[in-house]
Amino acid sequence: MATGWGSLLQDEQQLEELARQAVDRALAEGVLLRTLQEPSSSDVVSYAPFTLFPSLVPSALLEQAYAVQMDFNMLVDAVSQNAAFLEQTLSSTIKRDNFTARLFNIYKQVLKGGIAQTVFLGLNRSDYMFQRNADGSPVLKQIEINTISASFGGLASRTPAVHRHVLNVLSKTKEAAKILSNNPSKGLAQGITKAWELYGSANALVLLIAQEKERNIFDQRAIENELLAQNIHVIRRRFEDVSEKGSLDQDRRLFMDGQEVAVVYFRDGYMPSQYSVQNWEARLLLERSCAIKCPDIATQLAGTKKVQQELSRMGVLEMLLPGQPETVARLRATFAGLYSLDMGEEGDQAITEALAAPSQFVLKPQREGGGNNLYGEEMVQALEHLKDSEERASYILMEKIEPEPFGNCLLRPGSPVRVVQCISELGIFGVYVRQGKTLVMNKHVGHLLRTKAIEHADGGVAAGVAVLDNPYPV
């Protein structure tokens with residue numbers, strides 16, 4: 001890959017002036033977060049951290065990531081409908097991982113009572129890095145797929161204008177024109193709109209399950225505003241509100257403050273810390289209803305690391321997507337090495353290999369939200385501690401992806417402008433809607449590039465490590 005913005009990164013004074021311009025443009029475009037000090041209020045806001053320059057991404061890999069997104073949508077949907085596969089895959093994990101076990105318990109209760117919803121909505125984001133081959137060429141490798149609360153579709157639509165501005169200031173108009181337009185929030189809202197229409201009640205609302213302290217509210221508002229433009233009203237409530245004021249009628253229709261709810265869109269509920277006893281009860285109530293959950297509990301389970309690892313086993317994709325060899329080949333081409341740590345010979349061997357070459361592996365628990373994975377010495381200590389315990393089944397091992405680092409400036413409130421060595425992660429947003437057994441929508445709706453300094457192993461923008469970026473196709 002080309003080296004990027006090399007010469008522009010040399011002139012410190014110019015970088016500082018460019019950074020001032022970029023920050024002002026970001027604020028004007030709405031690339032915003034609430035502050036750490038006041039996460040519940042929009043009285044004082046700041047810009048969301050971003051790169052000064054767009055980062056170079058090979059066009060072929062960007063196209064490949066887009067091309068496989070509809071396959072991933074179909075795969076997640078297939079997994080979510082296969083109760084036997086979910087049960088078998090998660091059987092060892094739920095013995096040792098309390099959070100996955102509680103989600104699975106709700107899933108079993110819903111199956112027992114009969115699934116009330118007939119329309120299913122998936123808004124997901126599949127994340128990749130560019131692995132460096134032995135010959136130096138980059139390859140697309142999937143890090144994970146996020147099936148709940150996949151964020152930054154709103155802010156990602158605001159950042160192209162910022163990078164175009166920076167390049168235009170430098171009189172690089174030809175380069176500025178190469179930055180792709182991108183509006184994931186519009187596509188995500190189209191999925192919600194389709195689901196809302198199929199629910200078939202003109203006065204029903206969309207219920208967005210929000211956190212009390214939500215710094216990333218402007219990202220969510222972008223989707224709310226798209227829906228309001230279609231005359232679809234969104235109400236924001238916490239799990240606690242659902243538990244106090246949510247109810248089901250005899251047909252299991254969901255009502256909130258007396259108003260019928262067509263679609264429940266979760267922007268909360270993906271980490272153990274987000275659940276109290278009351279919140280678990282609220283989640284069960286929502287899942288039992290015929291409202292269209294995004295995601296429903298089965299689709300959240302389909303996004304676990306353990307499921308991701310099982311999907312990489314030979315024959316599993318073929319079983320889930322029968323008679324679709326091209327689809328299977330496209331999916332499998334993006335898989336990194338994934339290894340089970342279940343008790344037994346296979347798990348023992350994986351641990352032995354990781355302890356022998358710790359720099360080549362990552363240890364992943366069944367968690368979303370960034371900042372949970374273990375690398376290097378921390379991973380070695382954890383594996384030594386876990387290797388004879390059944391608790392190891394709540395983790396998976398993954399091949400560590402080693403992208404080629406490059407220089408860029410990461411702009412953060414209160415931080416000096418300096419050039420650091422970085423790596424990027426590309427996310428593609430996918431949307432699908434299924435009615436009964438028929439997929440009525442399946443598409444990709446945009447991308448998200450996040451970049452972080454190489455000293456930070458783990459964590460996304462919300463976790464405070466990565467910053468927003470745009471791909472500059474080369």
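Numbering starts at 1 and runs along the chain as it is shown here.
Every residue gets a Cβ built from N, Cα and C, even glycine.
Taken verbatim from TrEMBL:
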type    : residues                                                         : note
BINDING : ARG125, 148-151, 214-216, GLN220, 267-270, ARG450, 461-462       : substrate binding site
BINDING : GLU144, ASN146, GLU368                                           : Mg(2+) binding site
BINDING : GLU144, LYS305, 364-373, TYR375, 398-401, GLU425, LYS452, ASP458 : ATP binding site
DOMAIN  : 205-302                                                          : domain 'Glutathione synthase substrate-binding'
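Here the features listed in TrEMBL are placed on the structure.
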| residue | record | contacts (Cβ under 8 Å, 6+ apart) |
| --- | --- | --- |
| ARG125 | substrate binding site | ILE145, ASN146, ALA150, GLY153, GLY427, ILE428, PHE429, GLY430, LEU448 |
| GLN220 | substrate binding site | GLY154, LEU208, ALA210, GLU214, ARG267 |
| ASP268 | substrate binding site | SER149, ILE209, ALA210, GLN211, ARG238, PHE239, GLN274 |
| PRO365 | ATP binding site | ASP97, LYS305, ASN372, ASN373, SER394, TYR395 |
| GLU368 | Mg(2+) binding site | ASN146, ILE148, SER149, TYR270, MET271, GLY303 |
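Comparing the binding-site residues TYR270, TYR375 by how many other C-beta atoms lie within 10 angstroms of each C-beta, the top residue is TYR270. The Cβ centroid of GLU144, ASN146, GLU368 marks the Mg(2+) site; residues of that chain outside this set whose Cβ lies within 8 Å of it are ARG125, ASP127, ILE145, THR147, ILE148, ALA150, TYR270, GLY303, given in sequence order. Distance from the CA of GLU144 (Mg(2+) binding site) to the CA of GLY371 (ATP binding site) is 14 Å.
Within the set of binding-site residues GLU144, TYR375, LYS400, LYS452, the entry lying nearest in space to ARG215 (substrate binding site) is LYS452 (CA atoms). As a whole-number mean, the pLDDT of the domain 'Glutathione synthase substrate-binding' (205-302) in this prediction is 97. Most other Cβ atoms within 10 A: among the binding-site residues ASN146, SER149, SER151, that distinction falls to SER149. Residue counts for the domain 'Glutathione synthase substrate-binding' (205-302) under DSSP (helix as H, G, I; strand as E, B; rest coil) come to 41 helix, 26 strand, 31 coil. Fewest Cβ neighbours within 10 Å among the binding-site residues ARG215, GLY371, LYS400, LYS452: that distinction goes to GLY371. Around GLU144 (Mg(2+) binding site), the same-chain residues at least 6 positions away in sequence with a Cβ under 8 Å from its Cβ are SER126, ASP127, GLY303, LYS305, GLN308. Here SER151 (substrate binding site) is positioned 24 angstrom away from LYS400 (ATP binding site), judged by their C-alpha atoms.
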